[in-house]
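> Take this structure first; my questions come after.
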Amino acid sequence: MRAALAPGVRLLRALPRDSRYRGLTLVLTFLCYTSYHLSRKPISIVKSQLHPNCSALGPNPRNDSNSSTWCSWVPFDGDNYKELFGALDNAFLVAYAIGMFISGIFGERLPLRYYLSGGMVLSGLFTALFGLGYFWDIHVLWYFIVVQVCNGLVQTTGWPSVVACVGNWFGKGKRGLIMGIWNSHTSVGNILGSLIAGVWVSSAWGLSFVVPGIIITAVGIICFFFLVEYPEDVGCSPPLHHMASDEEDAGGVTSNEKDPEAVTSNERPLSISGQSGADRSDSPKEPAEEPEAISFLGALRIPGVVEFSLCLLFAKLVSYTFLYWLPLYIVNVAHFGAKEAGDLSTLFDVGGILGGIFAGLISDYTGGRATTCCVMLVIAAPMLFLYNHVGQNGIGTSIAMLIVCGALVNGPYALITTAVSADLGTHESLKGNAKALSTVTAIIDGTGSIGAALGPLLAGLISPTGWNNVFYMLIAADVLACLLLARVVVKEVRGWCGCMARKRGFKEF
């Protein structure tokens with residue numbers, strides 16, 4: 001007797017073919033960038049193990065070195081260990097920032113599937129090489145610096161590629177919400193990276209890097225075999241990025257009254273044989289003409305790119321300072337162990353997931369991407385101050401403050417790097433040329449990565465003077481990020497006021 005068709009297969013068959021491929025693209029790109037962040041997180045967890053409090057472990061069994069640093073990993077056993085940690089972070093982030101501007105240009109001109117999967121395999125290699133320094137008993141700083149630089153360069157293949165793929169498949173209608181949910185891969189990757197690294201941080205910290213390296217390599221191989229770059233490649237209908245009724249706001253990001261995703265393959269005209277486009281074969285469609293990739297300066301001239309790029313610089317400075325220094329801050333201030341601090345720091349990323357979804361939902365409803373970011377940044381500044389002063393008063397307070405701060409800090413960061421980048425990369429001024437998507441994404445995230453490099457570096461330099469000064473620096477950066485969006489916010493508000501005035505006029509008429 002033959003069994004009935006599996007319920008999951010029946011569900012897949014019931015979905016339109018376009019929806020199946022869109023879902024596949026979302027899941028694959030989500031897993032890809034989750035693994036990217038998963039491989040970046042271990043360094044923040046392992047820092048406290050590279051220079052632990054050796055006096056708490058008892059006397060030195062070898063009796064041949066300073067009793068307060070005998071268990072530290074050379075060369076991080078000196079009093080300048082915080083500066084060396086800052087150098088490690090900066091080596092990765094400066095290389096990442098420089099490489100990001102170049103990466104978008106390559107991403108527009110190379111097959112995204114090859115570019116993304118190749119970058120993931122190389123990222124896995126360099127992540128594992130950092131951990132192999134433990135097993136090979138390497139104690140020279142330049143080895144870890146070189147590995148970090150190489151890893152920073154190859155990791156730039158990820159973000160422009162995944163945003164371009166998602167932008168190719170999804171129109172503007174519910175992009176903020178969809179990308180807000182999808183962008184939780186950043187926080188999910190950070191959480192998984194923290195938990196995986198925490199398993200071995202106290203026993204064999206090299207595995208905290210080797211295992212994430214294997215994971216990102218495996219996901220890269222899966223991506224190579226299954227990722228579909230364009231809907232046209234499998235006979236699906238491309239999304240509509242703009243409608244005829246679009247009204248362009250002053251920031252260059254448009255808002256739709258209709259949902260372009262409502263235009264599905266079922267609405268395509270019938271072919272000569274009377275069958276709809278959904279019943280055609282899976283053979284790829286040959287595009288009539290390949291549009292030219294946009295230049296770097298051409299992408300900068302798109303309205304809104306400069307403002308959001310500079311805002312992201314300071315927003316990402318705050319986010320990445322927490323990413324790389326929060327576990328060490330918890331160890332020093334709350335006096336938790338390395339594993340407990342790493343686990344507690346994941347709550348910041350839990351808040352980031354909620355903040356990204358909330359920011360996307362609100363910006364879709366209001367049509368104001370810049371205003372949503374600005375409001376969250378304004379609220380984030382006093383929350384950061386409160387976390388530093390009362391966040392360690394109890395475990396309950398610490399958990400609540402970490403979630404709230406994570407939502408307010410990572411919400412605008414998530415919105416700008418996803419929905420805003422995709423909106424600007426398919427802007428009306430491009431006249432339907434979506435080849436700018438990867439370049440625009442790289443410019444925005446590359447500029448943000450400059451802040452990501454500055455934040456941990458400044459934290460390493462300022463932290464010896466006290467953690468209060470680090471938080472003052474973060475609050476100042478948060479305020480600057482908000483101010484840089486002021487012009488776009490004013491124009492969005494004027495657009496809303498004009499729309500309300502027109503509606504009142506119609507009612508009076």
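Each residue, glycine too, has its Cβ placed from N, Cα and C.
According to TrEMBL, the protein carries these features:
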COMPBIAS  263-278  compositional bias 'Polar residues'
COMPBIAS  279-288  compositional bias 'Basic and acidic residues'
DOMAIN    28-494  domain 'Major facilitator superfamily (MFS) profile'
REGION    246-288  region 'Disordered'
TRANSMEM  21-38  transmembrane segment
TRANSMEM  84-107  transmembrane segment
TRANSMEM  114-136  transmembrane segment
TRANSMEM  142-170  transmembrane segment
TRANSMEM  182-201  transmembrane segment
TRANSMEM  207-228  transmembrane segment
TRANSMEM  305-326  transmembrane segment
TRANSMEM  346-363  transmembrane segment
TRANSMEM  370-387  transmembrane segment
TRANSMEM  399-424  transmembrane segment
TRANSMEM  436-458  transmembrane segment
TRANSMEM  470-490  transmembrane segment
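Surface or core, plus neighbours and distances: that's what I need for these features.
Across the residues of the domain 'Major facilitator superfamily (MFS) profile' (28-494), the predicted structure has a mean pLDDT of 81.
Tertiary proximity for the transmembrane segment (21-38) is limited to same-chain residues at least six positions away from its ends with a CB under 8 Å from its CB atoms, namely 15, 116, 120, 123, 155, 158-159, 161-162, 165-166, 169-170, 178, 182, 185-186, 188-190, 192-193, 196, 212, 215-216, 219-220, 222-223, 226-228, 231, 234, 236.
Outside the transmembrane segment (84-107) by six or more residues, the chain places 40, 43, 47, 50-51, 75-76, 78, 115, 141, 144-145, 148-157, 159-161, 164, 293, 296, 320, 324, 328, 438-443, 445-446, 449-450, 452-453, 456-457, 459-461 with a CB less than 8 A from a CB of the stretch.
Outside the transmembrane segment (114-136), and at least 6 residues removed from its termini, the chain residues within Cβ reach (under 8 Å) are 32, 35-36, 39, 42-43, 73, 106-107, 143-144, 147-148, 150-151, 154-158, 161-162, 165, 204-210, 212-221, 223-224, 227.
Sequence-remote contacts of a segment are chain residues at least 6 beyond its ends whose Cβ falls under 8 Å from one of its Cβ atoms, and for the transmembrane segment (142-170) they are 21-22, 25-26, 29, 32-33, 36, 39-40, 87-88, 91-96, 98-100, 102-104, 107, 112, 115-116, 118-120, 122-123, 126-127, 129-130, 133, 178-179, 182, 227, 229-231, 238-239, 261, 417-418, 421-422, 425-426, 434, 437-439, 441-442, 445-446.
Cβ atoms under 8 Å from those of the transmembrane segment (207-228) belong to residues 21, 24-25, 28-29, 31-32, 34-36, 38-39, 41-42, 45-46, 112-114, 116-121, 123-132, 165, 193, 196-201, 234 of the same chain, restricted to positions at least 6 beyond its ends.
Nonlocal intrachain contacts for the transmembrane segment (305-326), taken as residues 6+ away from its ends with a CB within less than 8 angstroms of a stretch CB, comprise 40-41, 43-44, 89, 93, 190, 251-252, 299, 345, 348, 352, 370, 373, 377, 380, 384, 405-406, 409-410, 412-413, 416-417, 420-421, 424, 440, 443-445, 447-456, 458-459, 463, 470, 474, 477-478, 480-482, 484-485, 487-488.
Same-chain residues lying 6 or more positions outside the transmembrane segment (346-363) and placing a CB less than 8 Å from one of its CB atoms are 175-181, 183-184, 186-188, 190-191, 194-195, 319, 322, 326, 369, 372-373, 376, 399, 402-412, 414-415, 418-419.
Outside the transmembrane segment (370-387), and at least 6 residues removed from its termini, the chain residues within Cβ reach (under 8 Å) are 251, 253, 307-308, 311, 315, 318, 355, 359, 362-363, 401-402, 404-405, 407-409, 411-412, 415-416, 471, 474-475, 478-479, 481-482, 485-486, 488-489, 492-493.
Nonlocal intrachain contacts for the transmembrane segment (399-424), taken as residues 6+ away from its ends with a CB within less than 8 angstroms of a stretch CB, comprise 159, 163, 166-167, 170, 172, 175-176, 179-180, 182-183, 186-187, 252-254, 302, 304-305, 308, 311-312, 315-316, 318-319, 322, 344-345, 347-352, 354-356, 358-360, 363, 369, 372-374, 376-377, 379-380, 383-384, 386-387, 390-391, 437, 440-441, 444-445, 448, 478, 481.
Listed by sequence, the residues of this chain that lie at least six past the ends of the transmembrane segment (470-490) yet keep a Cβ under 8 A from its Cβ atoms are 250-251, 304, 307-308, 310-315, 317-318, 321, 325, 329, 368, 370-371, 373-374, 377-378, 380-381, 384-385, 387-388, 409, 412, 451, 455, 458-459, 462-463.
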